[in-house]
């Protein structure tokens, strides 16, 4: 019966996408992470990737360990291995089939749990459907399919724990725990906490019922033995993953709970509706929407509080946990307040619903009164939190309709002869309809506008080949050397922090988008203040900075065809031409909903440094650390920055190269400071469609005065005069603050943000330079809800339009639904480049970091740039300790330094998956300098003798090399793999011996 119901719900929900010609591949992380990773994993399994799972890959950004990078996604997912059974041209189908298989296994796992909890067949079936098809399951199926795994593992862990309490073998718990530890360290962390709670609550429950078979000390002993054995069995995968995570970009970087003590008000306002719904706007990963029957079951369970004491306390703890961001942060490995832990709550939802169904025939009218009171309380909470209005999505109303029908069926059963199988079948039918409706609510075109978030069939497979408009094929054919590539920062407009498709095209892109990234690479990018740096993608395209790009061995740059002739390209990059001397153009390969709408050209970098070379000088740490980020970048061309001073290698003082550019600040948007401006405002914001409303644009002061009477400003009221006076004071104060450089960007009394222009002094002196703008000591302030309402009221007053209580209420609703979450943006424009700053909000669950300082590349240009325009949004005031414009000249000095480093490349340089080798011949001791991300897995031998490595240039593998001719060899092996393999072998042997011993003992007993 479960299989039949499962098939029907899948047909209605997933089938709707299929009917619309779409897949379950999300157009954000689905195509940027999950699908490319699965395709690369497919190639590894089929042996077509020329890449081992256990080793180093040069296609993971600057390079990374293949297994530890993929471990978060596919390595420990048993379903992912089934992708190898699909033909190469059916991977999209395989992606979707595996998602549905995982979902099917979720329900099977619950049925095992239900049997252990002694639920009846009807309760088990209903509970399984509710557990399998909650909003959480649908959401992760459409967005992060591997997140279905913990939903499979958690019921099995609980069953194994319960078996120990009942005196049965602990080896089942060992096996399941080992699988969990292998699958994903994050899942293991969350499931460990969930299992601990279950173990405590179940122990108390069994103790109260007198059903405990094994005493607590022995159970604890078995739990301890389970942990030890499972850790040993999983060690081959687990140990390398733990070592990788401890040295990753996330280690110690995340701000606990994003700095929150309580969630923003909108979060709490959305909670009542989130109990049964999840489609629409989601905050802090609260994907809770369960079946209406679950809510009824919880009310029933609370009515019988003592009988189901432990389950009720658990549900209350879930509710309390949702109120505090600290709880979410603890459950999210002490990082962001993401409520992904709600996956654990789904088991409680399924269990309480199953128990309720098993006791349907025991319902009495008093129970129904509780159902009514609970329903009224829920609807009242939704009405209040929605702004005193029942303005809900059509699909949400449908869900509540199904819920009310369930109540009617129960009411009919109480007053009529409608119990037993008929009642249970009716409830089952409504649960199935509820589940199908929940699935439709996410991506059916009839209920949601989000169906466009899922890719159409064929799009993913097409984009993974046509990402560069096939320009990559040209490079693969004409350049057999080792090189890295990048793209211009606006080559694609992405909603995610990066894209892993270049991994499939063997282009050695410096950008990569993974949850686990090198902490050393992250440190390098932070030291040089790469504005594109995030925890999920530390490097990206390094803001297309010239020297930084060259230092990372970037030989080729993919750019948009419509950028040709524009000065957005770093210095030293020349466009690749064909044999006739014309630009080599790769015409656009249209990709529906993802393409950039233009062809591709390739630029070649004449000054890219080699992957491995020698530096005859090391930089003085004291002088280097005093440099600005722009100067540090240039200093790395003159010498290597070493983590430990190398004896025998010449030490030089790091010098400055960048020049500070003096500038003048002017405000380009003038607030309303005169009556004439107020008249213009009323004319352009007139809403009564009078003749004056046809005036377009600002009038001159003389012309504006002609409308003084018609706009009611012949004699401005005291309120208008007060607003004008306030604006004058704001302008005066802001002008004074910015007299000696930009220190504040502000807004007027109407909440309109000012725009600014920085005019460079003597701009001709900075031709042939790369310009930067550096913001230091950034502090942003945001208007409160009251302040935003006051802005609206003042704008209405200035425009002379009514602002009634009803209007104010509507504004309040709109403001509450459009929170800023301490997020702001800045746009910076020069004659040759547009760039921006985006401070992610406290509602961001992946890459939230507070920006205190930002260094932005304004591009290289041979001509003078006279002005820089700035604007900002969302914040109403941004202050700075200092704003500097920096010019870095490029010419012969840069060329000489870069060419010298090219000459100092390892000779006969050979790069393979796990090895880099070459020879050196220096007359003096030198520093082996690479752009290979630092890892203890890289072992260096010089002439066959093991030599210690250390970090150079903050994040890369380096070492001291003696003078003379030497054979250099770097060999990689995954850190912890050898020790982990040995522990796994021992653990498996102990497990097999234990299993055999139990088998023999049981047989003798029988």
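The backbone N, Cα and C atoms fix where each Cβ goes, glycine too.
Annotated transmembrane segment per TrEMBL: 93-113, 125-142, 172-200, 220-239, 282-302, 309-329, 341-358, 370-391, 397-415, 427-445, 982-1001, in sequence order.
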> Does the chain bring the transmembrane segment (427-445) near the transmembrane segment (282-302), so that three or more CB pairs sit under 8 Å (pairs 6 or more apart in sequence)?
Replying inline: yes
> Are there at least 3 C-beta pairs under 8 angstroms linking the transmembrane segment (282-302) and the transmembrane segment (370-391), leaving out pairs fewer than 6 apart in sequence?
Replying inline: yes
>> How about long-range neighbours of the transmembrane segment (220-239): same chain, 6 or more residues beyond its ends, C-beta under 8 Å?
In response: 67, 71, 75-76, 164, 170, 173-174, 177-182, 185, 199, 214, 976-977, 979-981, 983-984, 986-988, 990-991, 994
>> Cβ under 8 Å, sequence separation of at least 6 from the ends of the transmembrane segment (172-200): give me the contacting residues as numbers and ranges.
In response: 71-72, 75-78, 146, 149-150, 153-154, 156-161, 163-164, 222-223, 225-227, 229-231, 233-234, 237-238, 241-242, 245, 314, 317, 331, 333, 340-341, 343-344, 987, 991
>> Which residues of the chain, 6 or more past the ends of the transmembrane segment (125-142), have a CB below 8 A from one of its CBs?
In response: 1-2, 5-6, 9, 13-14, 24, 26, 99-100, 102-104, 106-108, 110-111, 114, 119, 148, 151, 155, 277-279, 282, 287-291, 293-294, 342-343, 346-347, 349-351, 353-354, 357, 427-428, 431-432, 435-436, 438-439, 442-443, 454
